[in-house]
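Chemist: Pasting a structure below so you can have a look.
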Amino acid sequence: MTDAIRPLIAGNWKMNGLKASAAEFDAMLNGAADVATKADLLVCPPATLIAAFADKARGKKVAVGAQDCHPKASGAHTGDIAAEMLANAGATAIIVGHSERRADHGEGDALVRQKAEAAWRAGVTAIVCIGETQAQRDAGQTLDILRGQLDGSLPDGSTAANLVVAYEPVWAIGTGLTPTVQDVEQIHGFIREFLTSRFSVDGAKMRILYGGSVKPSNAAELMAVKNVNGALVGGASLKAADFLAIAKGCP
């Protein structure tokens, strides 16, 4: 944790959730008041549920976000969704550059940067994801990979108000594996140094989230690490009890 930076616990539902999932979201809304003093809460459901969830969340302690956007505001892009459309549906933040988008759809740093700028254009926060693969880690390339992703994916003009960085080691996502606390501290410290060097005072205030098999049993330990300002939670965010328990793990 970093003094004076309010933690953010963001849930990425990925390609999960139908109308019936509103019951879990309702439970999150009902329990949010108990953790509101510890952290901000954000849930990013599939695009099909954003409007319904945003309506439910109005005036409550849980914000609603999106998992991706197209860089353009409109046009002949069948199946894509503009940041403006997501904001219009009620999203207040958009995840961009998630490793699954980078791997499954071949998204590179330049496109991720454009998507972050699109989020800003729509008046919402960009959550930019970075992370190394197992092969890159084994080759000792972690910091070089992260430096390249940070340099290429973060737009000029990034501030603590419009951008969040999420570090997700690709090898830890959905595997049950997590880096050691020492590894997390080293990498988040490296990210903080990069952000402060490039964005000065704002870089020192930006939230840096940890993601990758975050669960109630390890949340408190991870959230206590210096320069960890919250979590990007995958599978555990699908259950209200787990999601809220992770938030309770914040100092």
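Glycine too: its Cβ is placed from the backbone N, Cα and C atoms.
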Chemist: Asn12, Trp13, Lys14, Gly174, Gly234, Gly235 bind substrate according to Swiss-Prot; which of Ser153, Ser197, Ser213 goes with them?
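Modeler: According to Swiss-Prot, the candidate sharing the substrate site with Asn12, Trp13, Lys14, Gly174, Gly234, Gly235 is Ser213.
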Chemist: In whole Å, note down how far the CA of Glu168 (active site, proton acceptor) lies from the CA of Gly234 (substrate binding site).
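Modeler: Taking the Cα atoms only, Gly234 (substrate binding site) lies 11 Å from Glu168 (active site, proton acceptor).
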Chemist: Going by DSSP, is Asn12 (substrate binding site) sitting in a helix, a strand, or coil?
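Modeler: Reduced to three states, the DSSP call for Asn12 (substrate binding site) is strand.
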Chemist: Starting from each candidate's C-beta and looking 10 angstroms out, tell me which of the binding-site residues Asn12, Ser213 has the most other C-beta atoms.
Modeler: Asn12
